[in-house]
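Listed in Swiss-Prot:
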- 108-131: region 'Disordered' (REGION)
- 147-174: region 'Disordered' (REGION)
- 380-416: region 'Disordered' (REGION)
- 484-515: region 'Disordered' (REGION)
- 484-503: compositional bias 'Polar residues' (COMPBIAS)
- 535-580: region 'Disordered' (REGION)
- 555-566: compositional bias 'Basic and acidic residues' (COMPBIAS)
- 567-580: compositional bias 'Polar residues' (COMPBIAS)
- Phe620, Arg621, Thr622, Asn623, Gln624, Gly644, Gly645, Gly646, Lys647, Ser648, Arg934, Asn1194: ATP binding site (BINDING)
- Arg669: site '3' overhang DNA-binding' (SITE)
- 747-750: motif 'DEAH box' (MOTIF)
- Arg760: site '3' overhang DNA-binding' (SITE)
- 822-825: region '3' overhang DNA-binding' (REGION)
- 829-976: domain 'Helicase C-terminal' (DOMAIN)
- Ala872: site '3' overhang DNA-binding' (SITE)
- Thr898: site '3' overhang DNA-binding' (SITE)
- Lys920: site '3' overhang DNA-binding' (SITE)
- 952-955: region '3' overhang DNA-binding' (REGION)
- 1046-1090: region 'DNA Holliday junction binding' (REGION)
- Thr1061: site '3' overhang DNA-binding' (SITE)
- 1072-1076: region '3' overhang DNA-binding' (REGION)
- 1111-1117: region '3' overhang DNA-binding' (REGION)
- 1164-1244: domain 'HRDC' (DOMAIN)
- 1179-1196: region 'Necessary for ssDNA and DNA Holliday junction binding' (REGION)
- 1251-1364: region 'Disordered' (REGION)
- 1273-1282: compositional bias 'Polar residues' (COMPBIAS)
- 1283-1300: compositional bias 'Basic residues' (COMPBIAS)
- 1306-1335: compositional bias 'Polar residues' (COMPBIAS)
Amino acid sequence: MAALPQNNLQKQLELFPAKGTSNKLSLQKTKSSVFTFKKKCSPNVSASTGFIPFQQHVLKDKNVNVKQDGTHTALPKATERNKINCFFTPVYTKSGQPPQVVALKDHVHGNDSANKPPSTEDAASKKTGINTSFGSVTSLEEWDDLDDFDTSVSPPKSHAGKGGKTPQKCKNTSPVASFKIQSISPEGPTTEKHDCAKLLYDNNEVASEPRKNLHAKTAESPDQSLVCLASVEPTNLERDMCRNTDYLGTDDLEHDQETLSQVLIEEEDDCEPDFIPPSPSDESLSSPPVLKVISAQRKHKVSSLTDVNDCENTTDHLQGQSVSTSLDSKVPSQLLTLMLEICDLVDKIPISELHVLSCGLDLKKKRDMRKRLLSNDSVFRSSPADSSTVSLTSCTSSTQNRDFNVNAPKGAESLSGSSVSKVFKFNKLAVHDIGTKESENSANSAPNFMEKIGNKTSFSFRAGGDSIMENSFNFHSSVLSNSRFNTPQNEKPISSSTCTRPYSQPIDDMDNPDLDFDIDNFDIEDLDDIHCLDSPAAPSVSSKNVPQYPTIREAQLDSRNKEKNTRNNTGDTTNPSLLSDSLLKPQIENPAHERFRGFNFPHSKEMMKIFHKKFGLHRFRTNQLEAINACLCGEDCFILMPTGGGKSLCYQLPGCISPGVTIVISPLRSLIVDQVQKLTSLDIPATYLTGDKTDAEAASIYLQLSKKDPIIKLLYVTPEKVCASTRLISTMENLYERQLLARFVIDEAHCVSQWGHDFRPDYKRLNVLRQKFQSVPMMALTATANPRVKKDILNQLKMTKPQIFTMSFNRDNLKYEVLPKKPKRVALDCVEWIKKHHPNDSGIIYCLSRHECDTMADTLQKEGLAALAYHAGLADSNRDYVQHKWINQDDCQVICATIAFGMGIDKPDVRYVIHASLPKSVEGYYQESGRAGRDGETSHCLLFYSYHDVTRIRRLIQMEKDGNSHTKQTHFNNLYSMVHYCENVVECRRMQLLSYFGENNFNPNFCKEHTQVACDNCLGKKNYKSRDVTDDVGNIVRFVQDNCSLVQGRGKGRSNNTRLTLNMMVDIFLGSKSAKIQTGLFGKGAAYSRHNAERLFRKLVLDRIIDEELYITFNDQAVAYVKMGERAQAVLNGFLKVDFQDTESASSIRKQKASVVTNTSQREEMVKKCQAELTELCKRLGKIFGVHYFNIFNTATIRRIAESLSPEPEVLLQIDGVTEDKLDKYGAELIDVLQKYSEWTLPVEDICQKSGGPANVSARRSNSDHDDESCDKSSYFSSNNKKGPKRKNSSYFGKSKKRKTGGDGQQSRSKNGNSSYARKNSTAKTSSSYISGSKTGADKRPGFMAPPMPQPNRRFLKPSYSMF
């Protein structure tokens, strides 16, 4: 291995310590020493053109160039450069020849002496692979920062390029630097020549023709590289370069060369441009200084000697090279075009529609993967017409040739090289010679794109400008014509757009050891949500137009796409509002959760198996997969999801996978029982420890937990049990010591916070779990927590670094409505509303007290509605009985309950939730109302509001013994937030709820766009006028100050009659005859209606202009008297203006929107009838098998089955939620019902469309936590079709459904068993017999016989384990 030469690197590191830590992709400041071009022409020696610095460098006396054999040579002999970090490649020159250093003056005045052309043997380039100098590569640990190399030293017999942020030496010389053929060393048969440099374009022939204005005709990009050829003739180019200086002048040329030297690029002939260019600074968005030179030179327009024929010849050469080389190139194969069109169509599919497809998840993953691959595939990520950046990437193979073309419109020159003529030819490319109008839109365009064909890589460059090229290098136009200054390779394009994307290493360059890319500087927070545009179309950008959205650039585009893109890019900029959602990158709510996405974890395989087999689900909801992966990775998690969002699965699925026991802490026994029943029905070992467990049952559970490998996976406990039971704590300590304590799950975590609506002291003491079990992960879940509550939960539970998963609080299928409450008629109003809107549906009525629950239930029963009361005053057995009857709709349609009911109850078909009294907080109302419509169907949330309830609730808060005054004030604030929600008759109800929880970016036109679920405020007529009522409010405040301030001595000895309630104030303000006081304020509000007057005084209370003080009378009644508020003085001083939304009349509030009567077709009536019959069937089967009827088929699945009206099993299996196992269990009865409606059967296509259509809201939400089943097509149904034609009158389910097993406790059936599984003339067959294609005939058409009787050994009725 070649040894690294000694140098003063350490000294440079000390001089420049900050470079290594800075961003390597930032633009380095211009150094004082720049390179210039000098030439010395000698009749005997080949001219050597190199980069000569103005001053000497500290590394001048050090030689970092070694030969490949590792030996050192002394200066000034030519040396071989060792490759450091793969940024330098070996140069083979013959030693003994001194470097040709010449003065700039000779170069400027243009010596016309000819050079001796090198021989073919000496000029032959030695091809080297990527790993040619691998042995001389120094590891990154030793050379981690090349920024400290300042190689502005005179390079001996070689040319300086740029490597990293410093110039790099390379074999090839850009024609920008010199268009001569240079010979550095004498002829030698064994040396690789570094002196023959010229442009190539796939071996295009270039004619030798004298040029008068080379400065105006060399449209060479700084990104282009040179390839050494054999036997080249330099004489014409030499004379052209010398002749060109007469037009420009010495000063201009020197200025140009000084500026251009900062962006020159050189590449070696092995197609491995090992260099790292400087990146543009973020703040350097202005035009570079060279543009000023170009602008000055535009005044000197020199006519070109190039004719149209030259342009045509060049165009012909371009057509034969590659698709990306010319605009007139042949259209690629139809297959490639078709594939690109398919990709474009897939990209245009909206995400909402993509999720509905059966393969939508996989297709979305592939589409995202394709976008990422395209974004990283090449630096040429823009569309062909996108000329906003200039960047270049290296080849992946050393055998690839670099071919360049500069197509300059209207005065620009086409520069190409040929291996045949060995000379350069400059052809003028006319605009009309181009097949498309692309050049007309590329006045300031940059390189278009790159396309790989075979083993070659073609670069197509387009220089812009009509007249800008005529007196300046075409290099100026192609690189610096736009407003940004870019350098190739690893450059980060600069854009004024707010949606810029950090540059990523191209995948094509992974084989190239370009190791200067600093991945540590990558910050995922820099990524925007809408920066990934996968459209090939992009606008043509000039120096005055910067694209709003950078595009992903596809590496392979045909000319058809180029022309299409050019035609579409006539606009200045891309309008973000016109971007399709399919082109936008899917929004990531939290980019930090990106590492938890996907299925590449060790637990993923087992997780998906349990997910499908145990829970019967096939698709995760939002944030579920990320939360589950984070939980299984041992992270603390805080999950904030709305009701019905699938919180339970986030800990139940990890609990089944993780070794050990998951402790779930839940506040209510009803919630615990419901969850455990559901898990055991899924054959998941779960149990609970509550106060109603007997000692024997508790001892059995503790015994199971003490075993070496406990069967129990999830243990549900109450917070009171955790805080009070020392036996439970010791059991958890034992599990912890044996590393069998998987995690703690705190459900309904809002109970932890004192700022929440349902604070419980025992929840707050759960922080002892973190103290005792520090290494055990913790998960907190809630559906209602504003930012303050969320922060308090994390603080109380000592979750320092949790993964926070949140979702939108919007429930798009709920309809919110507030009605005025008449206290004595509220029960009758509820009956009237239920009979009108949901006469046969399940619902909940929340009441404030136990007495109201009983009264409401009695009233409903008298009016003919099946209603039962549920509150804490009932015994546990009675509560369980009421809950079970209501869940299964067993003679209980409506349940009248306090707020303690329903938390976590998973009944999907609750069609309405009525609040007969005002809730205590917005959080409580959101949670309680969210128990409606969990199946995605439209449901109602009705609230009867009366301000009288405020006083009652205030008294309840005041009488609470727990908490201090600060806590009580928090509850008062929560209460008045709820009052504000009810009093606000202008703003959308949905918007108010979401704003309370901090979700302020919700669509304000949601209700207008979805009138079916629009709230009452959005549906009502906007007959509101904003009035300035500051004067009236001032009169009210002064009246209160004079009459109701006894404490301040202003009562003037008046009696208790000065204690005025809010209703008394309204009477006085309106001038009512029943007013207590008929002076002062009396009658000043006569212009107000009573409704508006009441609203005005409530507004003053909410705005704290006046306040209410609570008193308890001798009769133990709460009365609120008016007093001055904290903002009253501001009104009196004129510092506060009060606006009031005045309504025309109170009747507009009380009017209900009449239900729209639609003409239903006969088939729709049959669908409703069938749905009702199927629901009754599920209820009967649920009673028999001891499960909830919606666990047989959920309500959404029943609705889709009813819509199909098809008895065919093949059709039913295509419906979401219908599986083979369920058809085996319940198919016979289901088919019997559907056969009654077979004449109304829809085609299969319509059924599939209805069951999975994107427009159906319920279809998107129907996959509840444990109710969805995968709907893959059954194999045995398809095999049955091969056995022959199917009988018309005989159902598939006429044959036996028995499971024949031995005495192993599995399912079994005899011939005389249940009619659901045995028919009269059928024989016993196992399920496997159907899969194999066997079919048993039936002599008679099956009918609905006696309901099946459960057997004790059926596995879906009894878990496989037994612990009691």
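Numbering starts at 1 and runs along the chain as it is shown here.
The backbone N, Cα and C atoms fix where each Cβ goes, and this holds for glycine too.
Recorded features from Swiss-Prot, shown on the structure.
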residue : record                         : DSSP class
Thr622  : ATP binding site               : coil
Gly645  : ATP binding site               : coil
Arg669  : site '3' overhang DNA-binding' : helix
Arg760  : site '3' overhang DNA-binding' : coil
Ala872  : site '3' overhang DNA-binding' : coil
Lys920  : site '3' overhang DNA-binding' : coil
Arg934  : ATP binding site               : coil
Thr1061 : site '3' overhang DNA-binding' : coil
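Its own atom aside, the Cβ of Gln624 (ATP binding site) has 23 Cβ atoms within 10 angstroms in the protein chains shown. The list of residues near the region '3' overhang DNA-binding' (1072-1076) in space but at least 6 beyond its ends in sequence, with Cβ under 8 angstroms from a Cβ of it, reads 1057, 1060, 1064, 1066, 1082.
Non-local neighbours of the motif 'DEAH box' (747-750) in the same chain are 638, 647, 664-668, 671, 756-758, 763, 780-782, 784-785, 789, 793, 797, 903-904, 923; each lies 6+ residues outside the stretch with a CB under 8 Å from one of its CB atoms. Over the region 'Necessary for ssDNA and DNA Holliday junction binding' (1179-1196), the average per-residue pLDDT in this prediction is 77. Sequence-distant contacts of the region '3' overhang DNA-binding' (952-955) (same chain, six or more residues past either end, CB-CB distance under 8 Å): 848, 917-918, 920, 972, 975, 1110, 1112, 1118, 1120. Applying an 8 A CB threshold to same-chain residues 6+ apart, the list for Arg669 (site '3' overhang DNA-binding') reads Thr690, Asp692, Thr718, Asp876. Considering only the recorded sites Ala872, Thr898, Thr1061, the residue whose Cα is spatially closest to the Cα of Gly645 (ATP binding site) is Thr898.
The distance from the Cα of Phe620 (ATP binding site) to the Cα of Thr898 (site '3' overhang DNA-binding') comes to 33 Å. In sequence order, Tyr846, Cys847, Leu848, Ser849, Arg850, Cys853, Tyr870, His871, Ala872 constitute the residues six or more apart from Thr898 (site '3' overhang DNA-binding') in its chain with CB-CB distances below 8 Å. Take Phe620, Arg621, Thr622, Asn623, Gln624, Gly644, Gly645, Gly646, Lys647, Ser648, Arg934, Asn1194, the residues named in the record as contacts for ATP: the widest Cα to Cα gap among them comes to 23 Å. Thr622 (ATP binding site) sits 30 Å from Arg760 (site '3' overhang DNA-binding'), counting Cα to Cα. For the region 'Necessary for ssDNA and DNA Holliday junction binding' (1179-1196), the DSSP-based tally of helix, strand and coil residues reads 12 helix, 0 strand, 6 coil. Across the region '3' overhang DNA-binding' (952-955), the DSSP tally of helix, strand and coil residues reads 4 helix, 0 strand, 0 coil.
Rounded to a whole number, the C-alpha distance linking Thr1061 (site '3' overhang DNA-binding') with Lys647 (ATP binding site) is 46 angstrom. Annotation note: Thr898 (site '3' overhang DNA-binding') sits in a coil segment as assigned by DSSP. The two recorded residues Gln624 (ATP binding site) and Arg760 (site '3' overhang DNA-binding') have their Cα atoms spaced 28 Å from each other. Within the same chain, residues at least 6 positions away in sequence whose Cβ sits under 8 Å from that of Lys647 (ATP binding site) are Ile639, Met641, Asp747, Leu781, Ala783. In this structure the C-alpha atoms belonging to Arg934 (ATP binding site) and Lys920 (site '3' overhang DNA-binding') are separated by 23 Å. Across the domain 'Helicase C-terminal' (829-976), the DSSP tally of helix, strand and coil residues reads 65 helix, 26 strand, 57 coil.
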